[in-house]
Amino acid sequence: VDAPADMVLKAPAGAKMTKAPVDFSHKGHAALDCTKCHHKWDGKAEVKKCSAEGCHVBTSKKGKKSTPKFYSAFHSKSDISCVGCHKALKKATGPTKCGDCHPKKK
């Protein structure tokens, strides 16, 4: 799979970012199966962003729990979110606190 080595994760249009964007390393996560994060990917089609239609399109933090929220794609307790996965790993090297991923704005 051809993925960018490094990228910056930002909220999609319509969502308010309250913290700094996240520098993300695909290379640093290469040992994981791509579907760990891209859980709707079939292994063949182009990989879509989390905010793509059919995924986490709701940019609000409130509302029906059945609607996948963009925020929850990264912050839920589920092991298919960034925070949930890192907490489940319980590794000292993995970020689990807000400031670990979201550096203070300068």
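Even glycines carry a Cβ here, placed using N, Cα and C.
Just so it is clear, the model here is predicted, and its values are computed rather than measured.
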| query | Per Swiss-Prot, which one of His26, His29 shares the heme c 3 site with Cys82, Cys85, His86? | reply | His29
| field | Any further residue of that chain within 8 Å (Cβ to the Cβ centroid of His75, Cys98, Cys101, His102) of the recorded heme c 4 site | value | Lys19, Val22, Phe74, Val83, Pro95, Lys97, Gly99, Asp100
| request: For the recorded heme c 1 site, whose residues are His26, Cys34, Cys37, His38, find every other residue on that chain with a C-beta no more than 8 angstroms from the centre of their C-beta atoms, and list them by sequence position. | output: Val1, Ala3, His29, Leu32, Thr35, Lys36, Trp41, Val47
